[in-house]
């Protein structure tokens, strides 16, 4: 499914009212939890339209910077950012979700706030450089999948101005060489001087998706097995067909007494739950 999520913008000022930390990003969370009847379900927790950033701090040479946001019915997320002489880097991410939020966790067995810590896997960024990542990337720990996209972050901002120098994430790096446009040097002149109308090229048919084998285990026993080819047809501004590639897709999830959840993550921007 595709769910509504809101962007967060945090602009922290120092004592002289100059920007010292800037962050603008979107994120959502997939959380597997136990229901009252013993089954495991996966909830989607999105940012709400109203987000606060109480507790965020600039940081300095001896103190880590902190981006902290609060949203929804008692949920919060934060990351502390450390620096050395030349770089800054995200350190510990803390997510606290509140299962008393019945709109997200309608029948959670465990009630109240749950806090999960995880390590930020991204590489250090040079000081006076802004980190940018437009494509989605994922951070997983325990029963949580965090999804981030449209990220712009700079900690320890110098002179109150966000840098124009960018450090891009691996997800934004092209995987193939760009197409070389035709030039006089690489175009061969045909020897035939009489031109005929070019034949009409039929539209290229959409390839069928490859079949993948996905399974979950409960102990030593397989509790969920799916052999399936998957193609998504997304209709927004224009139709978009997405084939799920089994070779790069990771299966995760959980089996309960009467229900099972299978999550397929293609490591790009698509995550499907059954």
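Each residue, glycine too, has its Cβ placed from N, Cα and C.
The compositional bias 'Polar residues' annotation in TrEMBL covers 185-198.
Close to residue 169 (disulfide bond) in the fold, though at least 6 residues off in sequence, lie 122, 131, 132, 133, 135, 137, 151, each with a CB less than 8 Å from its CB. Under the heading disulfide bond, TrEMBL lists 133-169.
Positions annotated as domain 'Lysosome-associated membrane glycoprotein 2-like luminal' by TrEMBL: 209-271.
As annotated by TrEMBL, region 'Disordered' applies to 165-207.
Around residue 133 (disulfide bond), taking its Cβ as the centre, 21 other Cβ atoms fall within 10 Å, counting all chains.
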